[in-house]
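Going by TrEMBL, these are the annotated features:
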type	residues	note
DOMAIN	15-100	domain 'Ig-like'
DOMAIN	159-251	domain 'Ig-like'
DOMAIN	258-352	domain 'Fibronectin type-III'
DOMAIN	358-456	domain 'Fibronectin type-III'
DOMAIN	459-539	domain 'Fibronectin type-III'
DOMAIN	543-634	domain 'Ig-like'
DOMAIN	641-735	domain 'Fibronectin type-III'
DOMAIN	740-834	domain 'Fibronectin type-III'
DOMAIN	838-929	domain 'Ig-like'
DOMAIN	936-1031	domain 'Fibronectin type-III'
DOMAIN	1035-1130	domain 'Fibronectin type-III'
REGION	1015-1040	region 'Disordered'
Amino acid sequence: MCLFTKTGIFLPEPPELILDANMAREQHVKAGNTLRLSAVIKGIPFPKVSWKKEGQEVSPKADIEVTGVGSKLEIRNTVHEDGGIYSLTVENPVGSKTVSVKVIVLGNYFWSLYNYTNRVSRKTRYLFNLYDFFSFLTFSVPHEKNHIVISIFFLIPVPPYVELDVKLIEGLIVKAGSTVRLPAIMRGVPVPTAKWVTDGNEIKTEGNYKIDTDSYSTVLTIKDCVRKDTGEYFLTVSNAAGSKTVGLHLTVLDVPGPPTGPINILEVTPEHMIISWRPPKDDGGSPVLNYIVEKQESKKASWGVVCSGISQTKLKVPRLQKGCEYIFRVRAENKIGIGAPLDSTPTVAKHMFDPPSPPGKPVVSDITENAATVSWTLPKSDGGSPITGYILERREISGKWVRVNKTPVLQMKFRATGLFEGNTYEFRVFAENMVGISPPSPVSDPIKVSHKTRETADLVWTKPLKDGGSPILGYVVECQKTGTTQWNRINKDELIPQCAFRVPGLIEGNEYRFRIKAANIVGEGEPRELPETVLVKDILSPPEIDLDVTCRDLITVRVGQTIHITGRVKGRPDPDITWSKDGKVLVQDKRVEMVHEFPRIELQVKEATRDDHGKYIISAKNSSGHAQAFALVNVLDRPGPCQNLKISYVTKDSCMVTWENPIDNGGSEITNYIVEYRQPNQKGWSIVASDVTKRLVKANLMENHEYFFRVCAENKIGPGPVIETKTPVLAINPVDRPGPPENLHIAETGKTFVYLKWRRPDYDGGSPNLSYHVERKLKDSDEWERVHKGSIKETHYMVDKCIENKIYQFRVQTKNEGGESDWVNTSEVVVKEELQKPVLDLKLSGVLTVKAGDSIRLEAGLKGKPQPEVVWTKDRDATDLTKSPRVTIETTSNSSKFVLTKSKRSDGGKYVITATNAAGSFVAYATVNVLDKPGPVRNLKISDISSDRCTVNWDPPEDDGGCEIQNYILEKCESKRMVWSTYSAAVLTMHANVTRLIEGNEYIFRVRAENKIGTGPPTETKPIIAKTKYDRPGPPDPPEVTKVSKNEMTVVWNPPEYDGGKSITGYILEKKEKRALRWVPVTKSAIPERRKKVTDLIPGHEYQFRVKAENEVGLGEPSLPSRPVVAKDPIGTVVIYFTVIKIKH
């Protein structure tokens, strides 16, 4: 819902009440005083306001005021019936709100006299019962010709009550270490006792607790409060009439406690850990803003911050070093500060699990001429983390292990390809989990990839691990034809000594099985059978070339070293190998050697030269196909000679040496160039620069000396051959003919002359000695005429003796030792006198401001043809300024200067400059402000004269001196002394109140205005006498003592009948003991009230009081003293004994 008003659209808001202090809990008011209840009201639209008492309309005597921000209820002259529950209700369409307050009116009650008889007898006892607080009564009991005067103090029991500050009721919040005061005002008859309690225990003055209690108040002070001082504090005041308990809450803010432990390590890896904790049990009274997490290596003493602004209770700690032990600590932070830390237990940065154990021994099967299948079993343990894959490696016998699979495999079987016939291989396996790789498995039994043809089969094997204690004498090979069970011995006559054998006599198309047995002196051992059957056939395969790893990238060698290119080739039948470079087939010679031991191939180029670098191509070809591979070879050598060495820009002290890169950089980047020079009569070379990276350098020379230069390039192998200049260079400045003059133009023409101007040429030809030639010619003439003798050194020249109204053209050239430049011509011009209207360029921006006494200087640029006449005037006054002895005017062809010395205030104004010639006139204006001291102030008057003060008024001066008045100086003097003294030197207004005058003295005042230049002349007043038309007040009536105790009395009095013509501003109360002579002031300064509670009295002593009234004139005479009163406590319900005294008339 929205509200539409003339000023806009508003969203409605429910009513809200903000209570003033007079609406808090209970309100106590004395009868006859004014009751005030008020509150601030908010809400849109503004709520309807209603006040109720006990649910009924309030008394008509109540004044209710409602404003746009709140409401107030006021009842004057309260009586006992005005007490009760008052409620305030505010309501609008959005909602309503009601608050209540209990009001107790404490009134002046009545007293009664019991056992009263119509006849007052001597020594008769009377009982008085009064209901009030302290009451002092004076009354008379008349009886015939006798009467008595009774003065009684009554003490009536009243239940106690407590007054607390609203802030304490709402709750007090302090910082730890502060000192807290919890004050409370207590009332009751008799004086109540106070008891402070917290957490069920009574608080006494000890430690950091201190309780100060007197008859009217009690204060609990807590010094250096700590967090544990937070809680509810209860104050109980009690006396014979009852008790009252109030509570207040104290919150002590401190830094938070340590987080709740322990620190849990949720995840541990070599690179990071995840930790968590719980919030602190004590947040220090303020919400935790964030946590600060730090880490420390156990071997180090310093802590490093991991995070200082995390609000969660969980954190990932990154960038740990594997194997290091770490301790973490966490601290909580609130708005007060950072709390104590919570440390973790030391934890090593490693995986929470272990690598797996090695897999089982691999088994090789399904062997072909270039592949085999390897299988293995699960490791005994996965290390607590699942196996993520297996890594297979192979090696040739006694060779290096090579990884077979690029990425881990999940299966426990893998087909290893890329094997070469005739080679013997072993295999091993690694298992891998998230922690790492296991140790290797046991090595597999060696296997050999055999060679098979359509009639033979080549078998290869290795020696048995055990020889039976006797050397192996040889081997027996047996074969079995598929479909039969008989094994036939192949080598029937003798043992095979080697571990290889070609089985002959096989029939193409049949399948065979083979087994081998070792034999020693004892006999033949157990056979080892080839795992698979062999089909006898001729297998054809195209060539494949596999270069060694070292040859796959760029092969780099130095000059003189040997180039090695190695690889493996397979194919059936054995392919033909061809090596070539740059399109040429390589043949074996003294430097080139080719090795073809299938499957291994190698090319060696001995004593390599720079020309051996390039691309080497290996071609393998058989009946099944063709294959190629290549290797890039770089032969490092020194770079070749630089190209195109040139010397340029030769001067008497330097020259520029330039060159181009060598054609061959030697196979390595050029690192720098070395530049040297020598004179023809010298054999040794001197270095110009040895670290040049650019292809030019400046060489410093000696004048008139000849030099040879040479340059060489250098790479990481060394410097290359040099290139030299063939002819020497002479160090002299070359002189060339100069450039033509710049910006030639006609500056001025006259009746018979032309004035030419130009600028020096940008290029002087190498010589600073420049001169110029100037020539002219008439329009219809073809001949140029030199207009001067010799040469002109300046860059301007006036050509005279021209014929008026003729058309001329002019030209100028430059000359030096190297020759003359080209001519530069002007345009055609008519020689005649020009008319130009005057122009004044006043060199002044804004207003010229000078101090009085300084000179006024004005200058204006002047143009015009013929030469204008300049006249200076002021404020359009026809008076010629040149007649003044203080004025100097200097006018030239291009300017006019005006100087006026010893300036005065009257010299300020507008100056007019007029320039006139035959072509016209020009007027310029200059405004000048001369700053001086201000003039005298005006209309100086004195008013409000009294005995010790008066008021001085004035108007500002007519002339402020050209700048703002900063202040006024007020002085005074007594007529009889005539000595001036400064009353104030910084009066900012145009009036001043002068005090501390002496009554009856005659005074004169004077005032001067002051600006930033100085102080103006003074203006004086007529003499005045300090006196007043008012008087001091008269003495008041004797004061009365209304309430008495052993330590204090309350004194009241009435104002004096005569106030001296001025309102009473206050009173001075004095006291003395009855037998003392000296009166002692009770108040240091005048008080406006006519009641004063006098404290710190001595019990049992008798006191008297008197009062003085004060107005603006002074302090009046004291009143008569009060009757003597003894300082002692009265008693409660009093039984009074008195004697009737007969008084004779």
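One is the number of the first residue shown, and numbering goes on along the chain from there.
Including glycine, each Cβ sits where the backbone N, Cα and C put it.
Owing to the predicted nature of the structure, the values given are computational and were not obtained by experimental measurement.
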- [ ] Using Cβ atoms only, state whether the domain 'Fibronectin type-III' (641-735) and the domain 'Ig-like' (838-929) have three or more pairs under 8 Å that are 6 or more apart in sequence.
- [x] no
Task: Summary of DSSP states over the domain 'Ig-like' (159-251), given as helix, strand and coil counts - done: 8 helix, 58 strand, 27 coil
Open item on the list: Can you work out which residues elsewhere in the same chain, 6+ from the ends of the region 'Disordered' (1015-1040), have a Cβ less than 8 Å from its Cβ atoms?
Closed with: 933-938, 940-942, 945-950, 952, 954, 957, 961, 969, 971, 975, 997-1009, 1051-1062, 1064, 1067, 1069, 1105-1123
Open item on the list: Pairs 6 or more apart in sequence, C-beta under 8 angstroms, 3 or more of them: is that satisfied by the domain 'Fibronectin type-III' (358-456) and the domain 'Ig-like' (15-100)?
Closed with: no
TODO: Could you tell me the mean pLDDT over the domain 'Ig-like' (838-929), as a whole number?
DONE: 86
